[in-house]
Amino acid sequence: QTTDDYWLILSTEKYPAIKQLFGHDPLLKWVVTGLVLVQLLTLPAVVGLSWPAIVILAYCFGGVINHSLLAAIHEIAHNLAFGHGRPLHNRLLGFFANLPLGIPLSISFKKYHLEHHRYQGDEVPDIDLPTLIEARMFCTTGGKLLWLALQPLMLVLRPLLVRPQPATSLEIVNLVIQLLFDAVIVKLFGWTALAYLVLGTLMSTGLHPIAVLLNTEDEQGRLRHPKSYPPIGLLPVLGKTVERMLCVVAGFGNPVARSKFPSKHPWHVLGYLRDREVVVRYAGGERRKRNSKGCIQGSITGPSFWNLILDSLLRELGELGVYLQVFADDVVLVFSEQSASSIKEEANRALARVHCWEVINKLRFTSSKTNSMLLTKKLKYDDPVVHMNGEQISLLVGQIRLLDLTIDRKLKFIPHVAKACKKTVNIYKGLAQAAKAKWGLSPEVTRTVYVVMIEPKVLYASCVWAPATRKLGVRKMLNAVQRSVALKACGAHRTVSLHSALIPSMLLPLDIRVREAV
């Protein structure tokens with residue numbers, strides 16, 4: 001497992017300039033002062049505005065200021081305003097930065113946030129993790145939206161419910177100062193001004209920011225490889241709302257190509273996609289690049305737009321008489337001819353049409369990820385040479401994996417059964433090992449695990465590879481999976497035969513179960 005020390009060494013070696021960012025920021029106190037003054041100078045303009053105008057102003061302007069102040073309070077909690085040698089100065093600046101937020105949270109945030117760093121991932125001390133009550137209360141789409149909007153309030157109330165601690169003297173001082181400030185605001189400018197500040201705080205952390213996460217998916221230890229970190233886009237709520245309107249109300253999908261599609265909706269799409277930029281901010285610098293193609297993960301309209309674009313390729317290849325099967329962005333082309341030369345000609349002609357489609361749509365299928373497999377019973381044959389995008393496709397492979405189904409060139413499906421059995425056995429061993437601390441799995445639980453997890457895992461796509469169960473080798477692999485489970489399900493000794501253990505366990509042999517499922 002990669003430790004924090006590894007990441008620290010890797011980061012400092014590759015980017016030594018990071019060390020210059022260590023320590024307190026002498027400009028932070030002046031930035032906080034400027035933000036607080038700007039927010040206070042805005043309050044006279046709020047007086048007399050209607051509630052819709054106050055909400056819009058709080059989202060577009062006040063939320064930006066309060067979001068920056070919340071980030072400043074985070075830095076102040078780590079003593080980065082005046083340094084660790086002047087804690088009182090940091091606390092006083094935290095009181096000052098807390099004023100426009102309307103909610104006293106500077107000191108309590110510091111107390112619980114430091115515990116968050118100390119016990120990250122622990123469900124009890126780490127109060128940054130949502131509780132089970134929140135998961136049950138806000139499980140709907142509207143509930144999740146409300147939870148996002150009330151995120152700052154959750155951060156204030158969650159510690160009081162999950163990990164209550166006695167209030168410190170500084171927390172009481174923070175509360176008194178904030179209440180006095182709120183009272184002065186109400187006295188001078190009215191309740192609308194205070195509502196403007198609180199709304200800005202509530203919306204600034206829940207519905208306001210745009211974030212991008214990097215999710216590590218590589219399991220081979222290639223942590224330095226860029227493809228190990230695919231981006232996951234967390235679009236803003238309003239952006240997803242617009243996408244939902246375009247996707248559902250406008251009815252985007254394959255029917256868009258029909259002549260009866262309303263002419264006004266494509267203009268909405270063009271307005272949504274026009275003038276897009278990719279912004280990268282790092283180490284105080286910023287780079288922008290215009291983007292005219294592509295759709296990040298997490299987009300609601302992405303699959304519909306992709307279906308709309310791919311539909312033209314399906315039509316073009318269909319006119320050539322090519323059989324193809326598509327699932328998401330996985331495209332399978334099937335050619336059937338009497339000779340390898342004929343297959344080569346047909347495949348290259350179809351791939352040339354695919355290349356023209358790529359150029360027109362500014363897309364590109366990766367040649368390195370494209371494989372070809374020849375299915376034949378002939379003992380002597382020539383391997384067809386197929387090119388894509390001017391590059392020769394990888395040499396003929398012995399098997400391909402499509403939708404978690406391994407297809408071998410002889411269509412015996414023995415590799416698929418072997419992989420499915422191995423994966424299932426590993427999962428079962430992990431469950432059994434985890435349950436050893438509590439005297440293992442009981443026979444009832446073992447049978448439930450088999451019926452709910454093991455059997456469906458093995459039976460996946462059984463309608464395709466069911467004929468393979470006639471082979472003795474396949475039946476042996478299936479019996480090996482079922483034997484250990486059957487023995488534990490009936491409590492028999494390990495010398496008991498498989499079929500003798502299946503009867504008291506009330507389990508059907510897997511090979512028969514596969515043919516029955518078909």
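Cβ coordinates come from backbone N, Cα and C, glycine included.
What TrEMBL says about a protein is an automatic prediction, not a curated fact.
Taken straight from TrEMBL:
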- 27-47: transmembrane segment (TRANSMEM)
- 50-197: domain 'Fatty acid desaturase' (DOMAIN)
- 53-72: transmembrane segment (TRANSMEM)
- 92-109: transmembrane segment (TRANSMEM)
- 173-199: transmembrane segment (TRANSMEM)
- 260-381: domain 'Reverse transcriptase' (DOMAIN)
Report the listed stretch (27-47, 92-109, 173-199) having the maximum count of Cβ pairs within less than 8 Å of the transmembrane segment (53-72). 27-47
Is the transmembrane segment (92-109) packed against any residues at least 6 beyond its ends, judged by a Cβ distance under 8 Å, and which are they? 28-29, 32-33, 35-36, 39-40, 65-66, 69-70, 72-74, 76-77, 81-82, 152-153, 155-156, 159, 168, 170-171, 173-175, 177-179, 181-182, 194, 197-198, 200-201
Between 0 and 100, where does the mean pLDDT of the domain 'Reverse transcriptase' (260-381) sit? 74
